[in-house]
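Noted in Swiss-Prot for the protein shown:
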MOD_RES   Ser100  phosphoserine
ACT_SITE  Ser100  active site, phosphoserine intermediate
BINDING   Ser100, Asp239, Asp241, Asp243  Mg(2+) binding site
Amino acid sequence: MRKFFGTDGIRGKVGAGKMTPELALKLGWAAGRVLSRSGTKKVIIGKDTRISGYLFESAMEAGLSAAGLNVMLMGPMPTPAVAYLTRTFRAEAGVVISASHNPYYDNGIKFFSNDGSKLDDEVELEIERELDKPLTCVESHLLGKVSRIDDAPGRYIEYCKGNFPAEHTLHGLKIVVDCAHGATYHIAPSVFRELGAEVIAIGDKPDGLNINHEVGATSMGKIRETVIGENADLGIALDGDGDRIMMVNRHGKVIDGDEILYILAYDAQSRGVLRGGVVGTLMSNLGLDLALQELDIPFDRSNVGDRYVMTMMKEKGWRIGGENSGHILNLDHGTTGDGIVAGILVLAAMRRRNATLEELTENIKMLPQVLVNVRFEGAHNPLESEQVLAAKSEVEALLGERGRVLLRKSGTEPLIRVMVEGDVEADVIKHANYIADAVRNLV
C-alpha cells in the first residue's frame, strides 16, 4: 500500500501533508539509498517556476548528498527536459520538482529512471520503505557533490528542434505560444522561432506565483483570444512543467489531446511508420475511437495517467499514446510526455501535407463530453455507494451505445471525477450533474 507516491509522484499543498521540507530531505536520502546500490551515483534535479521550488530543490539536494549521490542542478526546466538529460548524462535518475498544472501553492516531486521513463512502481515502494528508517549520513569523504548544468536550456532546445524534419521550416507561420508562466518560458518560444515561425509568446513572465494562473493548457481563454486577435495560424498551450499540450486553430477552436493523437497516428500511417495502434485512456473521447476505426488503426484504453498509457504501449509494442488532457507519448521521439515535441510533430504533419490545423482535424468528430469534479476528502469511497451506482446505471441506460459514463478518483487531488459523453450536449450536461449531485449528497 502506497503512503506517499500517487499516480504522478508526490504532490500536495506546500507546508502541509506530504509536501514539507522535512519530507523532501528524507525523500532525497531514501531515494539516494535505493539508487546508490548500482550505477553512476549521479542524479539530475530540475524544477518549474513556482516559488517553493528553491526550497524543495535545496532539501532534495541535501538528502541525496547525505546518501552519497552526486547532484546536478538544471534550474527551471521542463519535465521532459529532465527525462532527456537524465539519459544523455547517463545519470542514475532524474528528479522533477513540480506540481504540473496545479496552482503555485502546490508542489510535487517525481522521479525518472536512467532511461528517462517514470520509475517503476516497485522502485517507488522500495523508496517508501526506506522512508520509514532513521536518516543517517555517509562518511564525509563519501558525501555527494553538487554542480550545475549551465547549458541545459541550449541542449534541450537543440533536441526539440531535431524532431522537426530537416527538409521543412516553419517560415510563414504565425504561432501563439503559451508557456503558462512555467518551465518552458525560456525554451518554447526559442524552439519555434529558430525553426522559422513568427512567435507571439504569452505566459512567458514567471514570478514564482503566477504559474498556470489564467494561462496554459488548463486555461485556454487567453490563447484563444490572442490567436484570433493577432490573426495567427494556430496556438500552442503548454502546462506549468511542459509535459502537456493543447492547441488552438486559427478560428479559436481548442484542439485537445485526443485530436492531437489522431493527427499523429494518421500522419504516421500515411508515411508507413505506424507500428500497431494508439493507446488512449478511459477518459479518451469516443470520437477518437470512431475516427481511428475509419482508418483501420487499432485503439485501446488504459487507466488514466500517462504512466499507465506507457505501460500498455510497451505491452502491446505500440508507439503512440496519450490522454485527452494533453499528455502525448510518441516513443519514436522520446520517453515521456513532451508538449513542445508533440507540437513540433503536429507542425511537421501540417508541412508534409501542406495542410492547416483545421484540415488535419476535419475527419475526427468529437462527441460532447462533460467532466464534473466533486471535491471529496472522506475516508469511504462514494463510488461504491448504492446511490451513486444507481445514478450511473440510470444514465448509462439512457445513453445506450452512443455514450459513456466514467467515475473515478483523481490520483493527484482530493476529487471525484464524473465524466459523461454522448450525442447531445444538453443531455450530457444534465446527466453529468445528476451523477455529481449523487456524489455530493455523500460529502
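Placed from the backbone N, Cα and C atoms, the Cβ positions cover glycine too.
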Number of other Cβ atoms within 10 Å of the Cβ of Asp243 (Mg(2+) binding site) across all protein chains: 32
Chain-mates of Ser100, Asp239, Asp241, Asp243 with C-beta within 8 Å of site centroid, Mg(2+): Asp48, Pro78, Thr79, Ser98, His101, Gly182, Ala183, Leu238, Gly240, Gly242, Arg244, Gly337, Gly339
Asp239 (Mg(2+) binding site), number of other Cβ atoms within 10 Å: 34
Cβ neighbour count (within 10 Å, all chains shown) around Asp241 (Mg(2+) binding site): 35
For Asp239 (Mg(2+) binding site), the three-state class that DSSP assigns: coil
